[in-house]
Amino acid sequence: MMGQNQTSISDFLLLGLPIQPEQQNLCYALFLAMYLTTLLGNLLIIVLIRLDSHLHTPMYLFLSNLSFSDLCFSSVTIPKLLQNMQNQDPSIPYADCLTQMYFFLLFGDLESFLLVAMAYDRYVAICFPLHYTAIMSPMLCLALVALSWVLTTFHAMLHTLLMARLCFCADNVIPHFFCDMSALLKLAFSDTRVNEWVIFIMGGLILVIPFLLILGSYARIVSSILKVPSSKGICKAFSTCGSHLSVVSLFYGTVIGLYLCSSANSSTLKDTVMAMMYTVVTPMLNPFIYSLRNRDMKGALSRVIHQKKTFFSL
């Protein structure tokens with residue numbers, strides 16, 4: 001329980017973004033617009049997949065869960081950022097901070113696992129097209145989604161419980177716009193070696209292994225594509241996984257840039273900008289990537305609009 005924790009502080013202070021006072025209103029409007037775009041874009045994908053029977057396939061089951069994850073991922077941090085910018089109150093209660101950290105880890109990790117499931121789906125579709133329906137059965141797809149939720153829930157809960165056992169005294173200023181786990185560890189008064197070891201070990205399992213699995217899937221995909229005799233077949237195969245590859249590059253590019261390429265003397269501003277990329281920009285762009293480069297999504301949108309027009313004309 002929170003009351004049993006040995007903390008001597010009741011809340012933290014989020015420094016937020018390094019924005020000049022005269023730019024506050026403009027930045028507030030910008031982030032609000034980006035957040036609303038993220039909500040509407042991902043909700044549109046979820047609704048289209050739900051309403052259009054043509055999209056009731058394994059790929060779009062994973063995509064609907066990915067859109068839900070993106071929607072929630074942004075909702076974990078951006079509303080609090082907007083509230084702090086509007087009220088000029090940077091405080092966040094201790095329990096709320098740990099809750100935010102938990103859901104941030106949960107939905108961030110969930111996206112990583114769902115991208116692996118989608119890569120496997122594309123691998124089966126291209127390398128074993130005749131056996132696709134048999135391999136990607138509804139039972140397997142639901143099992144992959146359920147396993148993703150279970151593993152990410154366990155991982156997020158593990159880090160949250162380890163953080164809750166730490167003692168925080170005096171210094172409660174977090175140089176970030178959300179309760180980042182690494183920033184919280186720097187404020188801890190007690191020994192954090194267990195936390196750091198778990199981050200190192202679990203980080204490899206949650207981020208590195210999924211990334212390697214995706215690379216392995218695409219290596220097999222490229223190998224199979226190069227065996228296709230016609231250039232038309234090659235283009236069709238690449239277009240099948242183009243959207244997913246774009247999302248993978250966007251997600252892992254920002255995460256790797258933040259956690260693997262950051263040096264000891266990297267600035268807080270740089271870390272904040274990189275974090276903003278994968279918490280705000282990436283979830284906002286994903287719906288555009290899947291809608292603009294995906295004929296199935298465009299067709300589904302046209303059919304749903306046509307059905308609504310027909311309904312209202314009756």
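The backbone N, Cα and C atoms fix where each Cβ goes, glycine too.
Per Swiss-Prot, the features are as follows:
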CARBOHYD  Asn5  N-linked glycosylation site
TOPO_DOM  1-25  topological domain 'Extracellular'
TOPO_DOM  50-57  topological domain 'Cytoplasmic'
TOPO_DOM  80-100  topological domain 'Extracellular'
TOPO_DOM  121-139  topological domain 'Cytoplasmic'
TOPO_DOM  159-195  topological domain 'Extracellular'
TOPO_DOM  220-236  topological domain 'Cytoplasmic'
TOPO_DOM  260-272  topological domain 'Extracellular'
TOPO_DOM  293-314  topological domain 'Cytoplasmic'
TRANSMEM  26-49  transmembrane segment
TRANSMEM  58-79  transmembrane segment
TRANSMEM  101-120  transmembrane segment
TRANSMEM  140-158  transmembrane segment
TRANSMEM  196-219  transmembrane segment
TRANSMEM  237-259  transmembrane segment
TRANSMEM  273-292  transmembrane segment
Counting Cβ pairs closer than 8 Å to the transmembrane segment (273-292), the top stretch among 58-79, 101-120, 140-158 is 58-79
Near the topological domain 'Extracellular' (80-100) in space but 6 or more residues beyond its ends, with Cβ under 8 Å, are 2, 5, 7, 9-17, 19, 24, 27-28, 31-32, 35, 160, 163-164, 168, 174, 177-179, 184
If you count Cβ pairs under 8 Å, which stretch among 26-49, 58-79, 196-219 touches the transmembrane segment (101-120) the most? 58-79
Is the topological domain 'Cytoplasmic' (50-57) packed against any residues at least 6 beyond its ends, judged by a Cβ distance under 8 Å, and which are they? 64, 296-297, 299-300, 303-304
Positions on the same chain near the topological domain 'Extracellular' (159-195), where near means CB under 8 A and six or more residues out: 2, 5-9, 11-17, 76-77, 80-81, 84, 92, 94, 97-98, 100-102, 104-105, 202, 268, 271-272, 275-276, 279
